[in-house]
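Engineer: Following this message is one structure expressed as structure tokens.
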């Protein structure tokens, strides 16, 4: 290839990768940006317009007749239509829903009953009448306002307190941490036995573990639900407990844990173990003092997988922990919000971001272990 | 907060319990069959016995958990699938007969089939292309990280992200969903994408492709780097162009890895549940097996017979891949 032909090709590669990266990151970026926007703006304009000033049609109601003051022989009600809104400047206004933008800011509109309405660009308005006004319901004022972009943490404050996301966050942590630690310990011992201790039936056991790797979770749900109900009834305890879900996640995570760790341990040099054995170390000593420290990368890989999987899981959580308000994990809460608050994107985007922030932190800080684990778990099979 | 303390306490107790079990049983074994300091026949006999027992002590907790949580349920699911809704009375194959005549089930099978065709193919294809392209540019690793990122996002989180993209507002009002905004910008009519029968399947599949491409990319990228340089150099000398090198020299050398990626994603597709539940819950003809099964577990108080029968169907679909995996693993072990 000569430089003249290489250059456009290289540009094409750069451009297509840029396009693909944009495709893969924009959805998440849109979510993050939206969750930080003012909810009134979020509802009427796309997140890609977040930085530009938008126009918004708003309805305000003037105070009732009891607030009128007499001035120069006329009766005046005054106020500020922008009060309580995020809008910055009024461009047009009107007094009927048919013609909400009939008048420019600063003009005076003649109302049906002889009153005069003036709305200034800064939002202040006056209703002036020659006679004393009556009625407790104030005049409706329609106006179009330019709204400067506004970013806020209000959405987060709301979902964390009012929508139960905060409580669910704790629930998710409660589920995920023990569900990550317990299987590692159990699997490490089993993996060592399968990698370095000769015994009859070892090859078959390894084959069974490989087979169990792909057993669909769906197969386990009904029998385990029955079993849990039976155990719960027998001991007089609730069937849906944290201990139950920790053990369930442990069981479901074990095949991958054993498989990953066994592959890794089997690759450790035999000489280390043999020299330790010559020195009189028992299997237990060898495992604890030599194998475990050496296997740290594999342990870390599995721990990340298992944490991501248990944190992100929905199915196991709603079946074995329940879908009540107190025990919902983040994913379950999010599904509920999708149902009940389907149109309230300020709530959905903020909630979704809270559920994905922990996995994202884990992902970005420990990515290299994740990649290593993926490679160990998959390429070997080929 | 209190429950977090409880969780940590239970966790510490569990870890200590595990440690105590492994240490204690090892200690007991050595106490009952001492081999250290014993000479001759007794010593070697004890050593043999402890060596025969110890692996099983190491394995026992794992085997126990695997049996309770995976093996027992597989057998019992088959058993439940030939019993009635409560699991009391034997009903023969009637759950399966019901299934074959159920329109929703056939819809699910059809949709699952679509998913199986499209998702592994697209995810593997994009993964391969991205892996090949990012190897040639200096910021390739940053690009890979960003494309890999959705992997960390839960299916439900991804569903919210994409539901926002597919959001629909009536014609004439400003669209806040990206897809409809683009369609409108090009002069088209906005659509409620996820309610369009048949096509909505593809909008749901896009989510899984988005998540899984990173996985395919990481694995295929490693495989591409493992290709011996000489084969590529030889092709360059012979005058092959970029496309020929990629498709005729590189891709054939990583077929094995492509197959692993493909089957791994296939398994995932068979189990996909969260996305459909969160996006449509099976409405507008977008039902899939895993969601249908979940539905029957709780529908009308729960029909365990029908739910289990659907689970068995998913299992049967997985079995060929399971056999293939076991064979590969066995080959691998012989190679060691």
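Glycine residues also receive a Cβ, built from the backbone N, Cα and C atoms like all the rest.
According to TrEMBL, the feature transmembrane segment maps to B:6-33, B:53-75, B:113-134, B:146-165, B:202-224, B:245-270, B:304-326. Summarising the annotation, TrEMBL assigns domain 'ABC transmembrane type-1' to B:109-325.
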Engineer: Among B:6-33, B:53-75, B:113-134, B:146-165, which stretch has the most Cβ pairs under 8 Å to the transmembrane segment (B:245-270)?
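Structural biologist: Maximum Cβ contact count belongs to B:113-134.
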Engineer: With Cβ-Cβ distances below 8 Å as the criterion, list the same-chain residues six or more beyond the ends of the transmembrane segment (B:113-134) that contact it, or say none.
Structural biologist: 140-141, 143-144, 147, 201-202, 205, 208-209, 212-221, 224, 246, 250-251, 258, 261-263, 265-266, 269-270, 272, 288
Engineer: Six or more residues beyond either end and a Cβ under 8 Å away: which residues meet both conditions relative to the transmembrane segment (B:146-165)?
Structural biologist: 130, 176-179, 194, 203, 206-208, 210-215, 217-218, 272-275, 278-279
